[in-house]
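Novice: Dropping a structure here in structure tokens format, bear with me for questions.
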Amino acid sequence: MARFITDHRRWPAGKPAFALSKNHNLRRRALSQNFMIDPRAVARVVDAARLSPDDLVVEPGAGYGALTLALARTCRRVIAYEIDPVAAGRLAARTRGDPAVHVVAGDFLRARPPREPFAVVGNIPYHLTSPIVDWCLRAPALSAATLVTQAEYARKRTGGYGRWSLVTVRTWPGFIWRIAGRIDRSAFRPMPSIDSAILRIERRPAPLVPVSALREYRAMVELGFRGRGGSLYASLRPHHPRQRLRRAFARAAIPLDAVVSFVHPDQWINLFHELHQR
């Protein structure tokens with residue numbers, strides 16, 4: 001039987017998917033969340049998550065459970081978080097009798113991540129995208145996160161327009177970031193004013209930088225992004241001998257005038273290895 005839990009600190013071992021009332025729409029607008037009502041969009045998210053029957057899934061922003069039910073048919077167990085008590089109660093009633101679903105009426109961001117390997121899959125509130133992504137990146141046992149986000153957010157994190165963000169470059173040694181699909185605004189109620197994308201963040205089998213050197217790598221990245229002059233070379237120049245830095249840039253195939261945000265994460269990795277050869 002599905003369990004309905006109100007203490008977020010406890011962790012237990014086509015046609016529209018559903019219709020939404022006017023009052024429900026007003027409440028969800030206050031919570032800044034838009035529900036997926038198109039079963040085809042739900043299926044695309046589940047496909048992008050690449051789950052196996054043995055997987056544990058944590059779902060933030062479960063709502064009434066259109067995605068929850070689809071996930072439960074694919075994996076071993078779903079822990080579904082919903083902060084709206086009305087929606088959480090209805091989801092618990094809807095999944096009563098399904099041993100694969102555990103509903104938690106509480107704030108996903110205050111939850112402790114599972115100690116066993118798990119995936120995060122969710123259609124998340126847009127205004128909470130960054131803190132939810134940060135939660136995922138900090139979870140030691142996370143295997144992958146598949147999140148429905150604003151299309152613009154996903155593009156900025158995956159090299160859209162040739163630009164790369166600090167968070168992507170900083171975490172590149174351990175995670176692959178990519179867009180796994182797009183979802184039209186018509187798939188949601190209330191209908192948002194922008195389109196969405198499926199952002200996939202997947203942990204690498206082995207990090208591109210040794211764990212013992214990750215702190216040094218992150219320090220280099222942060223120095224590069226907050227440096228002067230706009231170019232990566234100008235940012236790093238005060239901290240390395242000129243000839244060594246020029247040689248490292250040449251071997252990493254980075255032009256000396258390359259703007260920081262236009263340097264590909266793989267080039268950052270190569271540059272780090274060149275500068276920190278023992």
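Our numbering is plain: 1 for the first residue shown, then up by one each step along the chain.
Note: Cβ is positioned from N, Cα and C throughout, glycine not excepted.
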Novice: If TrEMBL says Asn34, Met36, Gly61, Asp107, Asn123 bind S-adenosyl-L-methionine, which of Glu82, Glu116 does it name for the same site?
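Specialist: Looking at Glu82, Glu116, the one TrEMBL places in the S-adenosyl-L-methionine site next to Asn34, Met36, Gly61, Asp107, Asn123 is Glu82.
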Novice: Excluding near sequence neighbours, so keeping only residues 6 or more apart in the same chain, what lies with its CB under 8 A of Asn123 (S-adenosyl-L-methionine binding site)?
Specialist: Gln33, Asn34, Phe35, Met36, Val45, Gly61, Gly63, Leu67, Leu147, Val148
Novice: Residues with Cβ closer than 8 Å to the Cβ of Glu82 (S-adenosyl-L-methionine binding site), same chain and 6+ apart in sequence?
Specialist: Gly61, Ala62, Gly63, Ala88, Leu91, Val103, Val104, Ala105
Novice: Any idea what DSSP makes of Met36 (S-adenosyl-L-methionine binding site), helix, strand or coil?
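Specialist: Reduced to three states, the DSSP call for Met36 (S-adenosyl-L-methionine binding site) is strand.
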